[in-house]
Amino acid sequence: MSRKKNRLTGVDALNEAFDAVDHQPLLDHLGVDIQRDLLVLALTHRSFANENGMLPNNERLEFLGDAVLGLSVANKLYEQYPSSPESDVSKMRASIVSRYGLADIAREIDLGNHILLGKGELLTEGRSKDSILADTTEALFGAIFRQHGFETARDVILRLFAYKIDNASARGIHQDWKTTLQEELAQRKRPMAEYSATSVGPDHDLVFTAIVTLEGEEMGRGEGPNKKLAEQEAAHQAFRKLRESRA
């Protein structure tokens, strides 16, 4: 009996958190309607689900959306760059659908304010983490696919990623944010950025946190399953901050 009560309490908390935000602007950005149950699921991060009675979370939709995204972008690149070798279009796709590319799209549609996060993630600014933004974006694509089918999901994806796809060749076949940040600093005649990293968790499931500093000031922070990816995320945040400040 108490187990059922806890479950209902979790569902009530889920509905209350979801209804506290107007999600219509997000749907307007996407250009499609998503039925309530799918939208709730797509926006429910595992931290919220775990803190409220082990509710369903968006990871299965993320898995599905990742597949739809990959195929949509791969086919578009195949058509748009007919003379590029497989190795180049493969790297273009990897850059476009990377965590950083997805997080950029998420920020453009203000996705962070719509994600249902647990208290721990809220305290650590989870709404601005590239990993959470990227995963939730893929979950939304999965939800659109489930409701509307592949063609509609593909059209939404290609519209959101149009600029990145059109400029994939011009930007180069990969994006190394540490190099990009250093080039920006060199252009401004600023000193080199410095990186530090720590890890937590068991050996088989370590989570790395990297911090990039410039002249003693923290410019970016990133997380990842290894030091390299964490530093890339931190460098990406630092690059955006530098561009925004025009320091």
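Heads up, residue numbers simply count up from 1 along the chain you see.
Just so it is clear, glycine is given a Cβ too, placed from its N, Cα and C backbone atoms.
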Please identify which of E59, E62, E215 is recorded by Swiss-Prot as part of the Mg(2+) site containing D135, E138. E62
Cα-Cα separation of D66 (active site) and D135 (Mg(2+) binding site), in Å? 9
Same chain, not part of E62, D135, E138: whose C-beta falls within 8 angstroms of the C-beta centre of the Mg(2+) site? Give them in sequence order. N58, E59, L61, F63, G65, D66, L102, A134, T136, T137, A139, G142
Tell me the Cβ neighbour count for D135 (Mg(2+) binding site), meaning other Cβ atoms within 10 Å of its Cβ, over all protein chains shown. 24
